[in-house]
Amino acid sequence: MSRVRFMTLGLLSSLLLPTTVTAQEMMEDTTARKQALTTWGVQFEEFEYRYSDADEELGVWNADIFYGTDELRFRWLTKGEYEIQEQAYESLENQLVAQTPISKFFDAKAGVRFDTPEGPDRTYAVLGLTGLAPQWFEVDASLYVSNEGDTSAEFDAEYELLLTNRLILSAALDATVAFSEDREIGQGKGLSSTETGLRLSYDLIDRAFAPYVGVVHERKYGDTADLAEAGGGSTEDWFAVIGARIAF
Amino acid sequence: MNASAFLVAAAAMTMSATVFAAGAHSGGHGGGSGEPGKASEVSRTINVEMHDNYYEPESIEVNPGETVRFVVVNKGNLVHEFNIGTPDMHEAHQEEMMMMVEHGVIQGGTLNHDMMEMDMGDGHSMKHDDPNSVLLEPGKSKEIVWKFSEQGNIEFACNVPGHYQAGMYGDVNFN
Amino acid sequence: MKKSFLAGLAALLMPAFVLAGEYNLTVDRVQIDTGDFVKEGIGYNGESPGPVLRFKQGEEVTINVTNNLDEMTSIHWHGLILPYQQDGVPGISFPGIQPGETFTYRFPIQQAGTYWFHSHSGFQEPDGAYGAIVIEPEGREPFRYDREYVVQLTDKHPHSGDRIMRNLKMMPDYYNRQQQTVGEFFSDASEHGFMNTLKDRMAWGGMRMMKADVEDLQGFTALINGKGPDQNWTGIFEPGERIRLRFINSSAMTYFDIRIPGLNMTVVQADGNNVQPVNVDEFRIGVAETYDVIVRPRDEQAYTIFAESMGRSGFARATLAPEEGMEGAVPELREPARLTMADMAGMHGMDHGSMDMSSSGDMPSMDHSGMAQMDHSSMSGMDHSAMMMTEGGASDPFYAKGSGIVPVAANGGKFLSYADLRAQNPLYEDREPTREIELKLTGNMERYTWSINGVKYEDADPIRLQYGERVRFKFVNETMMTHPMHLHGMWSILDVGADQWNPIKHTISVQPGTTVYMETEVDEPGQWAFHCHLSYHAAAGMFRKVIVEGGPDSTQAKTDAVAGNGGEA
């Protein structure tokens, strides 16, 4: 009953104040809200100084810069190892990939990878899968085909153990398998190398700046190890690392 | 809306096997506020309207020891009570009324009369038959004859849960 | 009833006596000082929160809003019934207010109660663009009080809304600092056994869900009327007075559990509509909801208004005191809540039976109607477990059975449940709905995507309603988060199983793993927003446009426009 009264009053007032009700067409929503949300981010999983058991000093980074929507993200994945005494890049790798969801927790990605370290360069086509596996393992698997026609695969996994909500122990494993030999860049067939890292970090400023210390173990296997030895390099290294995870 | 509430109330009334009884016997509740009065000693009649959730009037004047007939009518859409007592008595009574709500005796605009008659197992029932109060469904009216005590801090109040706290009470001022 | 009809007639016969008021608001860049940090934000008339707008029912208001920002803005009058062009949602009601422009809102005030207003553009609301609305009724209130205070809560964050959204998209747990740790594993293991704890962690890890995912956004300083806990907003009273506290939750993301140790609260209004009074010790206020309570402090002492966030990551605090400067004790935060498997019951592919959810959990209204029947039956049919439902406590029909986030009063007393809410004076005749519309609340925490029926706003068609129908909305929460669903322009009649006494709200919280029904009388033409009121959920896509087809506007508006043009010429 009181409702009826309200409506009457409403009609009445619209007659009194005609400007409130214009015969405007019901508009289409063309605001940003109706567009796909674009977002960006920069994450340095590793930004560190490494000191090896053979007195080798390295500056190392591993970063992910992305831009895009839920459906399509463009990522620039960059990582490198800089030999401080030799003033040379032991490795330098840049990937540009486009990424799209294919299941609830996984994305497919495709793009190109440019390796431009000291020594021969390589360009690869990349096809990969990245996402969150059960039990909170962040995994990333990529298949590469180089401009020399060699194929290889890389598998990354990372797990974070929360000692407290800010003190975090993270374990990372990176393994590379080659399906054919590329002697020029020192890669043998089969399981060629692994890098295992254990880092203890503390979230100092939000999740934007988290300094850490840790150990990293690098090892080369099989023909790759033989090629390294033949070149006078080491096949197994232990590093003490100090650095920071950075995100903005 | 009103009509349907009335129908529900009416249905509840007709189905009820018992007669709502108030002032039938003197309970232990009258204590500090006075006692049930005799009709022959009534000096005047005060009409009290119960609305959602307030009284009209919101205060009354009485003479010490005066016997007053209250004609209480529920003009709201909810069940209300008219209860004469001290603030402490009201507070104690509110717990009983809370139980009545929890057991479904009071449901918004209706009273479940069957439930009120039921034995609660410990010799108590939820009849709500104290002589200092009436509990009324919407549209219903009832009388109380009350002989006030000589003095005291007395309020009339509705102790349906929340109603007193929301302000459904009135002051009894002694002349 | 007759009275109101007569009043209606009187209003018809005496249009000349319509009240009119003019108000001015400027939208400004302001400094917000929470006591913990100072942050640039957005406010009204130079402050955040903005002024309390006080209207009278029946008044014709004119509100001039001047945009002093260098970006578009808008003001939405949350909970007000008005012509859709005045509703203030850019892209749906109007184009928005350009920098430097003054937009004039004009609408009749058709209702009374406590409401609020906020920007509906970008993340201006979390950045500080909000204020309170208090509307005095035409008649008398169904309750009494000696004084009143607006108690407006928000969760002010040191990061801007844009940055928060970006961080959540980058790392969905960016702001969650209550995750389960190694330490919690061992303390759980000593309590429940190592294998049980391991199994529990494996079950959650298998789903890639976090038990700790109660609040997306932590790290805020909760404010009351713009004051942080240390700044201690204080309301003065004389002992024995009744005080009406108008609680408004203007948070971007945060639910609060509110109590005033030492005082009972009587809830008399929810979302601006009077409810039958309920005495409580504590209540939970969802984002965008309002609750009016009456308290009566009798002693000459300070009382603390304590509002803990639902996830217990922060609190707002204010004081009621006989004089300025007095302080009451400030309680400790309780332990963070943890979700249970029951809260996951709404997720696809879950086996409801295995979790003993088959008989209940997702149908609060059914549970409750079952209880009403019980009430009419004989004593032998009484069941004390069912009685607990009205008592709130550890079981609440509006939470999944066995839920980990059912609120419990800190003093062991009464915690308000939706099931306790009854309209004081129903606005509408109770009638059968014309149809039911199911809205699944969906999302993916790991991607921070939120949607309705699995479709984000950007990809969604509008929901079309017919003027004059009564629609029953069925919300099925398939996520593990609570969503405060807000339909603009028309009332949301929450089904608590009380038929004509069902409470009338504008925002309805749907708990994880539950199904909640609301009905809407489609009595306002035009187009309206309908969304989750968590700012970052709405922005991520849990949002719809509702189009009301037919009704007086389609023909009436043109007539009015012609009349209007004629009038101006």
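Glycine too: its Cβ is placed from the backbone N, Cα and C atoms.
Per TrEMBL, the feature signal peptide maps to C:1-20.
Here TrEMBL flags C:31-138 (among others) as domain 'Plastocyanin-like'. When pLDDT values are averaged over the domain 'Plastocyanin-like' (C:31-138), the model yields 97.
Annotated domain 'Plastocyanin-like' per TrEMBL: C:219-312 (among others), in sequence order.
Positions annotated as domain 'Plastocyanin-like' by TrEMBL: C:431-549 (among others).
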Write out how many residues of the domain 'Plastocyanin-like' (C:31-138) are helix, how many strand and how many coil, based on DSSP. 3 helix, 50 strand, 55 coil
With DSSP as the yardstick, break the domain 'Plastocyanin-like' (C:219-312) down into helix, strand and coil residue counts. 0 helix, 51 strand, 43 coil
The domain 'Plastocyanin-like' (C:431-549) resolves under DSSP into 12 helix, 62 strand, 45 coil
